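Quick look at what TrEMBL lists:
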type	residues	note
COMPBIAS	408-430	compositional bias 'Polar residues'
COMPBIAS	452-465	compositional bias 'Basic and acidic residues'
COMPBIAS	485-500	compositional bias 'Polar residues'
DOMAIN	64-125	domain 'Peroxin/Ferlin'
DOMAIN	137-170	domain 'Peroxin/Ferlin'
DOMAIN	628-738	domain 'PH'
DOMAIN	835-896	domain 'Peroxin/Ferlin'
DOMAIN	907-940	domain 'Peroxin/Ferlin'
REGION	408-506	region 'Disordered'
């Protein structure tokens, strides 16, 4: 989990952030502003400053915030001027939007605020539906509006082209004032603000709901906040049944508010189409005696604080019942609360003004267990020491001059520790509690009332009781303030020169009663500060705690802070009062001295070991020969009909041979027709062990070369999940021992992932690519590596990256094991906790009938009304479980509006019948419809992976190179989940994670990218078009510009892979294409040639090896999906190869061969004439209409060649 931030404001208005990976509060940049309220999300933070203006703080990122402005230039043909800007009166505007209804010439576009800047000038988009247009970007049609094409025809009477210009948000890592020049001045001065709503049911990612409350008790909503417009567009008022004093918005559709009378409001009707909701429901205060003053909501929780500072928890809250069912009183007294991600709760204690976190909050126990104080230092505490600096900082939130009386300062400097302890002892507990209650709430709505209550208290306290009034009463003797021997603060009006030098600051209290200036003798040690609020308290109380030991907080926001039960926090052990002497002692030993000390000890131990071993050289080495057997009871899936689970005895016999190598045999003892039989498999013949996800059984499969060909592995199930993991770990270790494989994978390893997210790695033998007799794929041994990933990419110098199902990027740490492999089968270091989140989908199907319209009553031949995507398996909300017991649900079922093909406003897709091509709109011929429901689940495991925050990735590629390469920095490219193209900077063997991302500009979002051995970068956009990046090199890692490459005729591409000299792509119809005509002088190539069909994914290695994941591969029992296949016969003179050799399958999702740069030994031998195959491939020339082929290279296979390879199949 990447680090995230907890935001807080102290009583002086200073903003601090605390990272989940840090140990101290860091003062926020742009700290000259003083804030009252904050509300944070993961990507930004909103705040209300002392001037009652709203400010936005957007975190910096390697990916810029860009917004695309577009307009269309329209022209009509006439016999005189040909195509020109002279249009008919009934035509659209010459410059318009895509609909033609809005007039928008180029000079009408303006930047929305001062926080934006233009990237470049306007330019023409020369792309239409993934195909390049002619120079000029014109597309033609018969009339407005119509279907436009890139080709000009005899009846093309109108044409148009699109102009594009990008603007970029520039105010990042700074507080940007929200401009009100477009929508007028702010409605009212704001007093509270809350952000959320990013998880509203399938709301487009990045949309945000921002609610605000004004000083007059009105409620406002900020429109138009999303990824490309973080500021939003305008404020709209939301009517309420009363005056509101505070509001809280959760990540999803929960919005609660507090009324002035102490009651609570709940917003109902919040949805994807209506994020502002429709109506309010009044909920009574938790206490009948006192009203509520604060509320905080999350995903499924509501917390409240009443006027007596008691904390309450609302039970029964969810999206279907936002009002909940009842209140539960909780332990603790808090000033305010805030709920963040995962329903984690933070609060500020009423007693000591410290920030607390609710410990023990889980999905099953949302109320948590106890409050735990966050005890960490602030980064500016080390620069402040003594009460003088504390006093100076204390004045930063007042609106006059702060003058420290010189006699007090001198007395403080000369006082001894005994006098200080006596002064502390003289303060009675009663007065100390009163002092705590009178800490100023400068960011609170009740700030003025607090001052009034302080003034109404009796001022008849003298220095003997250790208490000084917080604010000097009018007419109080000034001499008594000196006699109290307590540090006091007096408010002085600013001089005219100071007022002219700076803008006037806001103030909550009239300054007419401010004290007159002190005599000059008492102002020698005067310190001034920028002031904004009349609120102060006795600084002697701060002396009691010490500034560095006890910061006083006024507000906390954790809306963007991700903390769960697995998060390790260093917030509770940090010492905030470490003396300088202790710090200097800890720094007395430098890292260089430590390294020299370790080196010296290592050399001494090496010399001792060498000296002792020399005395025993003449002895013969002892070889241990032993037999070890482990037995257990399992169930085995019988190979023959009737297939069923039967009870068996399972035994692993492991022994050590005379050569010291360990080997073993696996026995399965079963009974058939009252006859005892057994099945066995040699350990050195096992090629892979695969855990099988099953709701009811803990199953795993054992593959051997013979069973790989048959697509029929040995399937066993254990009684418990732990027993299955123990057997898998033991068998995996035994298989590695029999092959002499120990430690982490080599740099040349082949990585692969399954459809379940399991990670497998294979150590490639030297004869894997041998010609003419390569090693068959079904004899390759795959071992599992801990973790859970969707894809993995590697290269020959050991750089390995992966992407999870939640688009999180991970980098390989060099370890091995993890997951179920623990103990001897796993490394002790470089193993870390890894989490992944993915969605489970089910489909709701309906058929139309004349009586009821669309309903869940289908025909007898129809699919299930709740089913999977195929419709063959019934899947209801209640019966659908997570993929395995390791997964847990983290959300409820919701409609998925991002289904391929589009949906209507309710998520439905329409078609003529089941199954068919679905579209997102209804026509007269559509008699069936469906919509997809999604639910997220989460897995937590371990593996040799470290997260690379913060950008979520969709695809990545690593530069393939030789293992002997001396390259210093490895090129690594990626595509974010939003489609941005990125280049990673600083990736080396010593630092495989790199340092930062470099954004590469594009005109449209991309989905696949690959870099070749010669820095050839090819990419595929989301519309299926292909691009080549020019001038990429080690000196220019980002290249210069994109070149549009025509795709194969009538095909949209989805994935690309580039090797040393070869480029392969896969289209959306699972066809594999090879790019012909690639030369150093013309790296874009000339045409596409079809190679094979039924291909899911392709990987091209540094030696132009070709490996794929194929579907519909023939086996003894059925067609197999997700099978690893290897292209045989790839040579420099024949880069397309000859045939396919299949290996492990099915269920494989991804493979990368880009780390294997071993040159295979070549055997020169004559080939019999009868075994020579003449193959003809079809070449699809660019611009050709046909694209038909005579015979595909992989569609015809000779029996002789099948006998030669033994494993060649058609994909």
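Quick reminder: no glycine exception, Cβ is built from N, Cα and C everywhere.
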Counts of helix, strand and coil residues, the domain 'Peroxin/Ferlin' (835-896), according to DSSP: 0 helix, 26 strand, 36 coil
Within the predicted model, mean pLDDT of the domain 'Peroxin/Ferlin' (907-940): 92
Intrachain neighbours beyond the domain 'Peroxin/Ferlin' (907-940), with Cβ under 8 angstroms and 6 or more residues off its ends: 202, 566, 757, 788, 833-848, 854, 862-863, 870-871, 877, 880, 882-883, 886-897, 899, 901
Intrachain neighbours beyond the domain 'Peroxin/Ferlin' (137-170), with Cβ under 8 angstroms and 6 or more residues off its ends: 58, 64-77, 83, 91-92, 99-100, 106, 109, 111, 115-128, 131, 230, 1001, 1003
Secondary structure content, the domain 'Peroxin/Ferlin' (64-125) (per DSSP, counts of residues): 3 helix, 24 strand, 35 coil
Secondary structure tally of the domain 'Peroxin/Ferlin' (137-170) (DSSP, helix then strand then coil): 0 helix, 16 strand, 18 coil
DSSP-derived helix, strand and coil totals, residue by residue, for the domain 'PH' (628-738): 27 helix, 57 strand, 27 coil
Helix, strand and coil counts within the domain 'Peroxin/Ferlin' (907-940) (DSSP): 0 helix, 17 strand, 17 coil
